[in-house]
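Asker: Sharing a structure below in structure tokens format, with a few things to ask.
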Amino acid sequence: MGSESAATIPITVDFSGGLEMLFDNQRRYLISLPVTDESGKAANIAFLIEHLCKHYMKDPRADLFVLDGHIRPGILVLINDADWELEGEEAYEIKSKDNILFVSTLHGG
Amino acid sequence: MAPALCANCNTERALIKRPKNHAKLCKACFIKVFEEEVHHTIISSRLFHRGEKVAIGASGGKDSTVLASVLKILNERYDYGLELVLLSIDEGIKGYRDDSLETVKRNAVQYDMPLKVVGYDELYGWTMDQVVATIGKKGNCTYCGVFRRQALDRGSKMLGIKHVVTGHNADDIAETVLMNLLRGDLARLSRSTSIVTGDSRSEVKRSKPLKYSYEKEIVLYAHHKKLDYFSTECIYSPEAFRGSARSLIKQLERVRATAILDIVRSGEDMARLVPRDTSSSCSCKEQKNAAPIALAEDDVGGCGSQNGRTPGNEMAAMDKQLRDNEVHEKFEIDVAKVISEGKKTGPEKQQWGLPTRNGNSATGAVGGQVLGNCERCGYMSSQATCQACTLLDGLNKNRAQIQI
């Protein structure tokens, strides 16, 4: 707190199941996520999703990723390989070196 | 949050929360349970018999890849004695099917199964690229769906195989149940829920061993087993899931995950209530034979190998239809009021008897239909000319015009 350059947490974010198409066809991103959001709350998954939309989404079709401010139903979120439902979903506070995977179940083959 | 332990083995960290019962499982237990449940479906429905040759409709997508992987494992674990073959359909869509066919080719090596690829061009003389060049992007899913349906059957006939399994999952079935319910199409509702379609009369039997598997678990199974699958959107129908029954299903799942299997089970229960002459067709006739050509709205549309994935916007179309019905209803009530003046119960009855648009044709048609063969191609059909030949007729006329 107080310092000019905000501290960040290094994490890995993966996209698969077709979601990579929304993120410049890149499957893996090494991201330095701000430790806190604008209001000073510890960075959680909800903040990460917002952050990804703002800074990494390379496609105008944001609604294929986020719907009504939440992750689109049908997209699975795995936190260090565990279903985010086991980890507190959007409220999960992100830790250094976490791996967050977004995988779509919506795309066909 | 302290990491939860697997409810099954009580030693490993739970990584999966099962949508059907909220059980928390570790990776190994989840994989085991997933496979065992498919085994249970196969055994309880007596899907296979020893020595049977079975073609797996393989698109390279998650569902068919998981199906191939699970069937290989179960065939070995429980000694089903099946001869498994991968059967792929090449719709002829450059940049879409090319890549997924590469995935299927890798799968063939990984699973040590022979692979047969059947192209729309060799079957029909048209690739989907050519179809779209002729008729445009609108409605092309109908062509693709009708062609694919026959293509799997024809492909297996070429291989001398009488049983094709497809990767349709619980989400697919739930979606079809909802769509048919909203359409009031009881005959198709009944057929869409049955695990096996096609009887001794049809040459090729179809079944869906993943019928009770959640799409979520299929994706998680593929992820945790690091299966090689391909996911993309058809370039001719991108975002087919937007505004579709599919997205409704996914929203329901978010609110209450058990909803999906509940809908599948309700569909089965309702299918049992369908009048006998209609429901008897459930396990013996394919969709395509049951009703006169039902175009875009039929559940043959969609992308990949999944016919459950209907083209987008059908909810909007349905909404419009329902609104139209309401408009008609209003007219009818007015008339009814005039007629039944003084009789309070009159108008209500009139109202109920009215808006059975598709229902009429469907139930009426099923009863009076005789299964025969298409006079052009010989493929089984309830019409003189099968759906594919009818569509081809239109296409060929167009091509003739273009050439002139």
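Positions of Cβ are set from backbone N, Cα and C atoms, glycine also.
Quick paste of what TrEMBL says about this protein:
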DOMAIN    B:53-233  domain 'tRNA(Ile)-lysidine/2-thiocytidine synthase N-terminal'
BINDING   B:Gly57, B:Ala58, B:Ser59, B:Asp63, B:Ile89, B:Gly167, B:Asp172  ATP binding site
DOMAIN    B:372-403  domain 'Cytoplasmic tRNA 2-thiolation protein 1 C-terminal'
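Map the listed features onto the structure and describe their local environment.
Answerer: In the three-state DSSP scheme, B:Asp63 (ATP binding site) falls into the helix class.
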Asker: What binding-site residues from B:Gly57, B:Ala58, B:Ser59, B:Asp63, B:Ile89, B:Asp172 have a chain A Cβ less than 8 Å from their own Cβ?
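Answerer: In terms of proximity to chain A, the binding-site residues that count are B:Ser59, B:Asp63, given in sequence order.
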Asker: Under a three-state reduction of DSSP output, how is B:Ala58 (ATP binding site) classified: helix, strand, or coil?
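Answerer: Its secondary structure by DSSP: coil.
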Asker: So among the binding-site residues B:Asp63, B:Asp172, who's got the most Cβ atoms within 10 Å?
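Answerer: Output for this query is B:Asp63.
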Asker: What residue among the binding-site residues B:Ala58, B:Ile89 has the most other CB atoms lying within 10 A of its CB?
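Answerer: Top count of Cβ atoms within 10 Å goes to B:Ala58.
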Asker: Using DSSP, would you call B:Ile89 (ATP binding site) helix, strand or coil?
Answerer: strand
